[in-house]
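Structure, as C-alpha cells:
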C-alpha cells in the first residue's frame, strides 16, 4: 500500500470538508442525502482545523533540524476515529466531484490518503485481536459504551471501504490500503457474525404468558372429568367419557431482554451497512428456527413427523400425539408466531415479514401436513373425537395465525387449511356413519346374562352422547363436507339437519337391533326385562345430554317411555299373573265348604312357583336403581294385598301346628322381603328362597 508521504501540503488540502457521515456503496440513496449537507462553511472550518493541527508538526520539523528529538504524539483509536470522521466527507466530496469526469475521461486525478487512515486500521485490528484472544466474549456487548465504540469503528471501516472502492484514483493508487481495509472489514464482519450467533443463542430468556384454552370448554365441562393420559375414551363396558382437564396454562416464549435486542439490532444494522446483511439474516434464521423448535420440544413435547411416519403410527401412539399437536398449534397461533414476528420487527425493522415467514412457514406447513395425514389413516370409530379436535383447532386457531403472514403466503396457507379441513370433515362423516354399519352388522347370538344392558347399547349411547358434545362442529362438518349420496334412503325430514337425521337413523337401527336380540331369550319375562333395561338406559342417556335431547326431542322421549311401560305390564302379566292365579277362590269351595285337599295343593303350588320365580329372578339384573325400585314396588303392590287376603280367608282352615307350617311357608312380610331380593344379579348356588319368618 502506498503511504501518504509525498506531499504534506496535499494532505492539508485533502481535508477541507464537512464533518459528517458517508454511507457505503451498498446504499447510494444515503450518499445523496449526506452530500446535500456539505457546505463551504464546513469545509473552511475543517481546513482551519487542519492548519492548526499542522503547527505542532512544523515546530517538530524545526526541532529535528536543530538536532533535538521530537516528542512522540500518542494516537488512540478514539483520536484517530475523530480524524477519520473529518476525512471521510472529504473523500466523499472528491468522489462526487470527479464522478462525471471519470465517466467521460476514465480518470479522476490522484488523491492523497492521510497516514492516520492506515494507523486507524492497525489500531482497530488490534482491538479485534483482543476480542479474539480468548477473553470472555460476553463482556463487550454487556457494556453499552463498548458496544458503541466497537460498532462505530466497524461502521467507519465499512464507510471507508465503500468510498475507496468507488473512487477510481484510490483504486489506481491505493490498492494495498484497500486490500488491508477489506481484510479488516471481513474480519470484523466475521467477528460480528459469530457474536450475533452467540448472543442469539445464549441470551434467550423465557417470558411467561398465561393463556386460557377455552375452546370447547362448555362441551367438556358437561362431560365426566377423570384423570387419563388420553383425550377421549369411549368404553363398551363403562359409562365414562374420559376427557382432559382444561383451563389456564402458563407457556413461555423464548425472547430477549430489551438491551439484548438493541445490541442485536445494532449489529444487524452495521453488518447490513457493510454489505453483510445476508450473512446476518442467515445466522438469525438458523438460530431462531432452532430455538423455536427446541422450545416446542421441551415445553410442548412437539416433534416434527412426516406424513409417512404419521400413517405408520399405531393408533395408541397417534392418540398421544394429537393432543400435543393441538396444544402446539394453538400456542403457535396465540404466542410463538406473533412473538417471532414482533422479534423480527425489532431486530430487522422493515424486513420482518420475510424473516418471519422463513422462520415459521415450514413449521406451519408441517402442522397442516400432520392434520391431513391423520385424516388419511385407516378409519375407525374411536378416532372420531380426535379428528374433530384437530378440525376445531384449525377452524378456531388458524384465522389468527393467518393474519401474521403476507397475502401471497396467506393464500397458500388458506388453501392448505381448506384441504386439510375437507379431508378431516369427510373422514369424520364416514366414521360417524360407520357406527350405523356396525349396528347393522352386529349379529351376536349370545344373550346378555340376566337381561342386562347390552354392550352395544352402552357403547352406542356413550358414543352418541359424546358425539353430541361436538354437536355444533358435527353440524358444520355434515353441512360443509358431506358428499355421501343416500338416494335409497327416505328424504331428510323438514327442519332436521343432516347430522340430526343421521343420529335418529342410528337410534332407529339400535331399537331394531335390540328388538331382535330380545327374542334370543326363551323366557318372555326376561325378554321384557332386557328391553326395559336397555330402553331405560337409552332414555336416561338422552335426558342427561342437552345436546342429544335437543336432537331427539320430547316427543321421542315420551313415546319411548310409553313403550317401557308396556314392557313393564307384559313382564308383570307373564310372571306374577300366573302366581296370582293360585290365590283365587275357584276350586276351593264345594257346597259352601272348604275343600282342604285343594287348599293344601293350592298353597304347595303357590310356594313352589314363588320359589322358582325368586330363584330365577334374583339372578336377573336391573342396574338402574329407579327401575329396580319401580319393579319391586309394583310387584309388592300386586302380590302382598292378594296374598294377605288369601291368608286371612283360608289360612284358618288349616290345623294349627305342623299342618300350618307345612303348607303356609311364607307370611306376607316374608313375601315382601323376598321381592326386595329380586334383580340383584345374584349368581350364588343357593336355590332356596329364604326369609326371616315373622311372628
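Heads up, the Cβ atoms here are built off N, Cα and C, so glycines get one too.
Note that the structure is a prediction, hence the values are computed from the model and not measured.
Noted from Swiss-Prot: of 81, 494, 545, 562, the annotation phosphoserine belongs to 494. Scan Swiss-Prot for phosphoserine across 14, 101, 217 and the hit is 217.
Region 'Disordered' is the annotation Swiss-Prot gives to one range among 190-209, 210-229, 230-249, and that range is 210-229.
Per Swiss-Prot, the phosphoserine annotation among the candidates 92, 149, 467, 605 falls on 605.
Note on the modified residues 446, 605: the fewest other CB atoms within 10 A surround the CB of 446. The DSSP secondary structure for residue 446 (phosphothreonine) is coil.
Each residue contributes its Cα atom, and for residue 446 (phosphothreonine) and residue 605 (phosphoserine) these two points are 33 Å apart.
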